[in-house]
């Protein structure tokens, strides 16, 4: 230990060395992206506690932080807007109004996302608009490359619209209050966000041609039939239909007991059973017991000869299955393409481990990765960020799965589907609860977290949400990330890390001898660079205390400099690894260079807008 101390610079004490070492390890782990971000955050929290830099109470303070609770409540409110169809109604309006004009589509799309995203999470609003955008691409016969980037840019800008729009805003607000200053108001961000949104629309209209490579890299299936999906995913030779003959080995056994998919590569998609003088189609759950004369819709992974042998061995009689089958059975059996949400536990798991059949009564029958259809054994395939999964089963289970499982977002459903929302009639009530919350936050009659609590209780009373959907809507990895990174702020302050970084920053920028806007530009640039390597929330947590101390030493309003940090943290336009951008990478077939080419100039534009408006808004 003494050896380490001897080699430390004169300005650095041992506690600060450990804090910076923990920070360096965390940044490396974030960059490697081998561990989940919430796991890294928990490791950071544990390291601070075990090292003695922070007490246990200080390290765990984030679990009781009102802003963390508020963030969780906002996920519930955003889910209620989706469940009641409020967001879908705006997307339907966009489809009606946009017509055949690509420029009009981009403007209205970004305007809609920027408006709704002010009250919902960025990833949530982007997930809602992805199928709408793909449908527009199909109707206008244009490449998704031209619209997916504007979609992501608008999603990021929506985080600059209000206090509750994104986690960095709440985190920086909390740091201001903790330091003894007045925090942000509900609409403190709006002037900057609104101007950035307008410029963003104009910018994307000007540069959208940079993204057009003359191809249609992603097949847009919203208006296609299931027969087309079968052809695209090469299911023609795999989709089979059999009837269980009398004396079949399968009769009386459950699907789980038979374990057909693992042993024989026979995947039961749905079951047709004669009941009450008619055939009904049932979802294929693992606990379902097969009966005589059941008709099984199967996805097979063996050749025709082997399948014929298995049919004879197990007492199954083949029935001819054509693509048109799905049109005639469209009221019962369907399929959908799902994207994988970023930063979820789904990524890195095998298809088998996801237990689609047991959890949802559905089967994964196809995977598209970087535009290519995978032909390997899907059960053992590891799910990666950007993958598109084709699931098949009864419509009821497909729609239910899309609504309740937040690890996936809907990309497209064939024309046979009829999308529905579980609480469409409650849309006016959801808007009423939202207005009440915003009114309470603006008035300051109650703390923001209490206003959100009231809104959630109203949403529950109006049956816009239920307890199950409320809990499932909360994105716990983000909450844990924020909680785990919160101790960094206090640790940096206690060990002198903030003072050291402020000293270096002021030295580099010229301090009091430098114009106020140039200080803001320097702070924005530093925050944006840090944000290239770690998450937006972690960036805000690290940079907010530095901004506050710079403001104190130079005599500037702390609120102004912290606002710069909040905006810069959300301006993750240059990297495909931010959660919002990662959702569109595969759909637009983008490369890292595409994000750099489009994102770098717009980051500079956002920086200049911020440096211009902040001195006016916070003199």
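Glycine residues also receive a Cβ, built from the backbone N, Cα and C atoms like all the rest.
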Given ranges 474-493, 534-553, the stretch to which TrEMBL attaches the annotation transmembrane segment: 474-493
Of the residue ranges 87-106, 147-166, which one carries the transmembrane segment annotation in TrEMBL? 147-166
Using a Cβ-Cβ cut-off of under 8 Å, list the residues of the same chain that are 6+ residues beyond the ends of the transmembrane segment (186-206) and lie near it. 103, 106-107, 110-111, 114, 118, 149-150, 153-154, 157-158, 160-165, 169, 438, 441-442, 448, 563, 566-567, 601-602, 605-606, 609-610, 613-614, 617
Are the transmembrane segment (38-56) and the transmembrane segment (474-493) close, by which I mean at least 3 Cβ pairs under 8 Å that are 6+ residues apart in sequence? yes
Thinking of Cβ pairs under 8 Å, which stretch from 12-31, 431-462, 505-524, 598-618 has the most of them with the transmembrane segment (474-493)? 12-31
Apart from its near flanks, which chain residues at least 6 from the ends of the transmembrane segment (431-462) lie with a Cβ under 8 angstroms of it? 66-67, 69-70, 73-74, 76-77, 80-81, 86, 119, 163-164, 185-187, 470
Suppose you look only at the domain 'RCK C-terminal' (323-407); what would the mean pLDDT be? 76
Residue list, the transmembrane segment (505-524) vs rest of chain: Cβ under 8 Å, 6 or more residues beyond ends. 543, 546-547, 550, 553-556, 560-561, 564-565, 567-568, 607-608, 610-612, 614-615
